[in-house]
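Q: Quick one: structure below, then a few questions.
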Amino acid sequence: MSILEKVQPIETMLPERYYTMSTEDMEKRVREIKEKMGETLFIPGHHYQKDEVVQFSDAAGDSLQLAQVAASNKDAKYIVFCGVHFMAETADMLTTDDQIVILPDMRAGCSMADMADIEQTERAWKELTKLFGDTMIPLTYVNSTAAIKAFCGRNGGATVTSSNAKQMVSWAFTQKERLVFLPDQHLGRNTAYDLGIPLDKMAVWDPHTDSLEYDGDIEEIQVILWKGHCSVHQNFTVKNIENVRKNHPDMNIIVHPECCYEVVAASDYAGSTKYIIDMIESAPSGSKWAIGTEMNLVNRIIQQHPDKEIVSLNPFMCPCLTMNRIDLPHLLWALETIERGEEINVISVDKQVTEEAVLALNRMLERV
């Protein structure tokens, strides 16, 4: 038995024959199955997916758009989600019991989502309650596990995306005096600062030391940030910005708010994946842009806008490795197992977790 087989069950591993198929043959089979299944099959794809996968998506979008699509689609029996695990979980929780959600590769996870597990979160909430009493409301970025969404749901909180973070943080402060923001400290910090909350009124909870890190007066803390981050956006630096300013002084810099505060502050624009796409789309021909977000998306934007000069803010960036787990062979494999009635990699969230998580999701969806 190989090391991989010990880590991943053999039945969820891609069969050998898919490695030897030509791209043309795989694409032909995907088209055949899509045509055969019609509206009973729905393939949502995240913007960070590879082109070889996105070309077959029935809907492409960011986390908010895909959550809305999942919630509104009642016709498809099979939803083959081309994204990462937490997105497929969200789709399962927002669809009916008769609909089946499949993730083509179960290894497509999210390191940020894994930075906040439920045991750590329950322990943190208990300790923070000792400090602040019943003055807190939890918000979680949708880039989190179903269990964390459920935690927020049963504690009066909600989910957020990078598209609606300002709206949801503003709402949270109408409910409680303080906010606990999971699991991405950078999105939480950038959003709160953008709403006028000074940095010295923000603290960071370290789940590994069970300690609160802060510089100002503890009584004045308004935002408690979970010490988590996106492994992709963490790699954009102020030095990258300085290099662009030096070598291309007329180039606009636009970044995702999962980048650290210093990078966002030094950029010209910051916003969600959809915001970045729309901004470049509406920019005049001949304009110049350095984009600080995932590389698959940056490359796609470059291809779609040959009339504009577009580069990655960090020229040495790699695509999101876990997003890249979903590829054409895994997509075809998932579709062929459906065709045979032998579905693999079915995502099924526990009923109680779903009920509580949907509370958090609906508090978001009804406000956007």
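Yeah, the Cβs are placed from backbone N, Cα and C, and that goes for glycine too.
In case it helps, Swiss-Prot gives these features for our protein:
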BINDING   His46, Ser63, Tyr141, Val142, Asn143, Ser162, His256, Pro257, Glu258, Thr273  iminosuccinate binding site
BINDING   Cys110, Cys230, Cys320  [4Fe-4S] cluster binding site
Q: So for Tyr141 (iminosuccinate binding site), how many other CB atoms are inside 10 Å of its CB?
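A: Taking every protein chain into account, the count is 28.
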Q: To the nearest Å, how far is the Cα of His256 (iminosuccinate binding site) from the Cα of Cys110 ([4Fe-4S] cluster binding site)?
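A: Per the Cα atoms, His256 (iminosuccinate binding site) and Cys110 ([4Fe-4S] cluster binding site) stand 17 Å apart.
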Q: For the recorded [4Fe-4S] cluster site, whose residues are Cys110, Cys230, Cys320, find every other residue on that chain with a C-beta no more than 8 angstroms from the centre of their C-beta atoms, and list them by sequence position.
A: Tyr48, Val84, Ser111, Met112, Asn143, Ser231, Val232, His233, Glu294, Thr322, Met323
Q: If we count other C-beta atoms within 10 Å, could you say which of the binding-site residues Cys110, Asn143, His256 has the fewest?
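A: So among Cys110, Asn143, His256, the binding-site residues given, the one with the fewest Cβ atoms within 10 Å is Cys110.
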Q: Within the chain of His46 (iminosuccinate binding site), which residues six or more apart in sequence place their C-beta under 8 angstroms from its C-beta?
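A: Residues satisfying the criterion: Ala60, Gly61, Asp62, Ser63, Leu66, Cys82, Gly83, Val84, Met87, Met323.
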Q: Among Tyr141, Asn143, Glu258, these being the binding-site residues, pick the one whose CA is nearest to that of Cys230 ([4Fe-4S] cluster binding site).
A: Glu258
Q: Show which residues of the chain containing Glu258 (iminosuccinate binding site), separated from it by at least 6 in sequence, have their CB under 8 Å from its CB.
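A: Looking at Cβ-Cβ distances below 8 Å from Glu258 (iminosuccinate binding site), excluding near sequence neighbours, one finds Ser162, Asp184, His186, Leu187, His229, Cys230, Val232, His233.
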Q: If you measure Cys110 ([4Fe-4S] cluster binding site) to Asn143 (iminosuccinate binding site) at Cα, how many Å is it?
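A: Per the Cα atoms, Cys110 ([4Fe-4S] cluster binding site) and Asn143 (iminosuccinate binding site) stand 8 Å apart.
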Q: Only counting partners 6 or more residues apart, tell me which same-chain residues put their Cβ under 8 Å from the Cβ of Cys320 ([4Fe-4S] cluster binding site).
A: Tyr48, Ser231, Val232, Glu294, Met295, Asn296
Q: State the count of C-beta atoms found within 10 angstroms of the C-beta of Cys230 ([4Fe-4S] cluster binding site), not counting that atom itself.
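A: Around the Cβ of Cys230 ([4Fe-4S] cluster binding site), 25 other Cβ atoms lie within 10 Å.
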Q: Where the record says His46, Ser63, Tyr141, Val142, Asn143, Ser162, His256, Pro257, Glu258, Thr273 bind iminosuccinate, what is the longest distance in Å from one Cα to another among those residues?
A: 17
